[in-house]
Amino acid sequence: MSTAIVVFSGGQDSTTCLIQALTQYDHVHCITFDYGQRHNQEIEVAKKVSIELGAASHKVMDVGLLNELAVSSLTRDNIPVSHELQENGLPNSFVPGRNILFLTLAGIYAYQLGAEAVITGVCETDFSGYPDCRDEFVKSINQSLVLGMDRQLEIKTPLMWLNKAETWALADKYGKLDYVRNHTLTCYNGVIGDGCGDCPSCDLRKNGLDAYLENKEPVMADLESKL
């Protein structure tokens, strides 16, 4: 029996990963991290979506220490989300160490459950400027987990080389485009569905959806060539 862990936020990307994983594994478990994020309601959305889609279980893990250490517009209500890059070249929504911590803990959880894969929705194509979303980072931490736990584990990144339009196409391929559009939370300001329409995350999501809806056949063909 095959088992996978999905690092799950209840957003577009992780929900699309969950939808796909449910067709590929016998048991799919979700893990969500509570780090005092700006839109904390994502935890409730993640619980609801994981149940509705049929995950075997959903674990919420308290990692509040990350909030104390990582100063970001996603961990501090008094720091507005900015469209401009900081002096270091990163967006102010970058949470230092977030995916290092998340993937490490998900790997430990996979060890506990005997899962062979951890699935995460990070993506390098529509690069948001987050260094911990890069393919080389994921491969590096994957190797460290295998060495550190002396057990085979694969961190899978099904969206890594997809653009946002192709991610929408992937949801549509499984008949879940409307579900993802209406029930997921990607917005930095906590607005479910199409979002606030103003934050960088909403811009990326909307532009991708528009690109897919305007060019369904070629986008789907591009997606199929990458699967």
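Cβ from N, Cα, C; glycine included.
As written in Swiss-Prot, here are the features:
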| type | residues | note |
| --- | --- | --- |
| BINDING | F8, S9, G10, G11, Q12, D13, S14, T15, T16, C17, L18 | ATP binding site |
| BINDING | C187, C196, C199, C202 | Zn(2+) binding site |
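The shortest Cα-Cα distance from C187 (Zn(2+) binding site) to any of the binding-site residues (F8, G10, S14, T16, L18) is found for G10. Note on S14 (ATP binding site): other Cβ atoms within 10 Å of its Cβ, all shown chains, come to 26. Calculated from their C-alpha atoms, the gap between L18 (ATP binding site) and C202 (Zn(2+) binding site) amounts to 21 Å.
When Cβ neighbours within 10 Å are tallied across all protein chains shown, the highest count among the binding-site residues L18, C187, C196, C199, C202 belongs to L18. The residues near the Zn(2+) site, meaning same-chain residues not in C187, C196, C199, C202 whose C-beta sits within 8 angstroms of the mean position of the site's C-beta atoms, are T186, Y188, N189, V191, G195, G197, D198, P200, S201, D203, in sequence order. Secondary structure at C202 (Zn(2+) binding site), as computed by DSSP, is helix.
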